[in-house]
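Chemist: Got a structure for you, written out below as structure tokens; questions coming shortly.
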Ligand code: H2U
Ligand code: ZN
């Protein structure tokens, strides 16, 4: 019997952050593709678009006017999914019917006044302003007594359902810790109680030793393809120091986060020479007023593209009904990203 190889044989990998498993089927990369082919998004955009609701000076759909902002700009989402002023309500009817009211807050942040830029095309000094804004918002929104979880995220590309190409992200604050960070909270707490160290501190140390899945390393942050990656080119940015939230980052660390964010997204854009779509988001400690030494700040990137600018990975069928599944291994994905030029393809 031949020997088991990650690159040849199907296997399951464990995600210690969530407790989930992912099925890896590396031999499947050989199968033909006759399914849907996505059209690449049109690339050329003006610096200012009079029809864009996020450009400086323009009117938004909600009727408010954006100021002539010069770097970052944050506003309350005109169509917030969560609002602060709702009556408290709990519903239960036996064991099977339960509901509860949820208070919260939604904001939109423009990363730049330039309609034509994206994070990988911005200067690190300008991305640093985005990081500073995240820190301020995390602290400010988190200080509200009805906000326990602050979710910072970015949806990029129309393939991801992003409504506008103007570089922007969102922040939602709410009373409950939502499902994904709640899973990570349980796993990180159990690990910390057992080892007296954060799960990601130990994980990053191991990854740095092997180097196999590392994409970017600077003094304070690492970008890597996690061993348990589900999306084809999934990545994670993790702080080297065990900090529970962005508000604990030093001045230097904030700049290092901006640097890692840029370098990773440049790799992404260079992969298929297209503005690479993804959903990204920061996971960090809840804002419940407690210390959370078990929490380790990190940012997830879930990009949907698989083999080209037009072939998307669908999480359907088996994935929806049973288990997340991927074809190329995390190591192969990391190697492909690492082999790319470090200069953005548009700047060549
Ligand atoms: P995406 O990041 O998924 O594109 O969402 C953009 C958000 O911007 C979306 O939540 C908000 C939408 O409600 N928005 C405004 O707040 N004002 C507008 O004028 C249009 C869009
Ligand atoms: Zn715009």
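Just so you know, the numbers here start at 1 and follow the chain as drawn.
A Cβ is built for glycine as well, from the same backbone N, Cα and C atoms used for every other residue.
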Chemist: Hey, TrEMBL has Fe cation bound by 184, 298, 300. Any idea which of 166, 168, 283 it lists too?
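Modeler: For Fe cation, TrEMBL names 184, 298, 300; of 166, 168, 283, the listed one is 283.
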Chemist: 9, 11, 115, 220: which one does TrEMBL list with 52, 55, 166 for the Zn(2+) site?
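Modeler: So, going by the record in TrEMBL, that would be 115.
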Chemist: Checking the binding-site residues 115, 166, 298: which ones have Cβ within under 6 Å of ligand 2?
Modeler: 115, 166
Chemist: Would you mind ranking the binding-site residues 28, 283 by how many other Cβ atoms sit within 10 Å of each Cβ and giving me the lowest?
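Modeler: Counting other Cβ atoms within 10 Å of each of the binding-site residues 28, 283 gives the minimum at 28.
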Chemist: Which site among 52, 55, 162 has the most other CB atoms no more than 10 Å from its CB, taking these as binding-site residues?
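Modeler: Of the binding-site residues 52, 55, 162, the most buried by Cβ count within 10 Å is 55.
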Chemist: For residue 166 (Zn(2+) binding site) and residue 313 (UDP-alpha-D-glucose binding site), what Cα-Cα distance in Å is obtained after rounding to a whole number?
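Modeler: One finds 24 Å between the Cα atoms of these residues.
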Chemist: Round to the nearest Å and give the CA-to-CA distance linking residue 115 (Zn(2+) binding site) with residue 162 (UDP-alpha-D-glucose binding site).
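Modeler: The separation of the Cα atoms works out to 14 Å.
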Chemist: Measuring CB to CB from residue 78 (UDP-alpha-D-glucose binding site), give everything in the same chain under 8 Å that is also at least six residues away in sequence.
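Modeler: Residue 78 (UDP-alpha-D-glucose binding site) has long-range Cβ partners 60, 61, 62, 63, 64.
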Chemist: Provide the number of Cβ atoms within 10 Å of the Cβ of residue 300 (Fe cation binding site), excluding the reference atom itself.
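Modeler: The Cβ of residue 300 (Fe cation binding site) has 22 Cβ neighbours within 10 Å.
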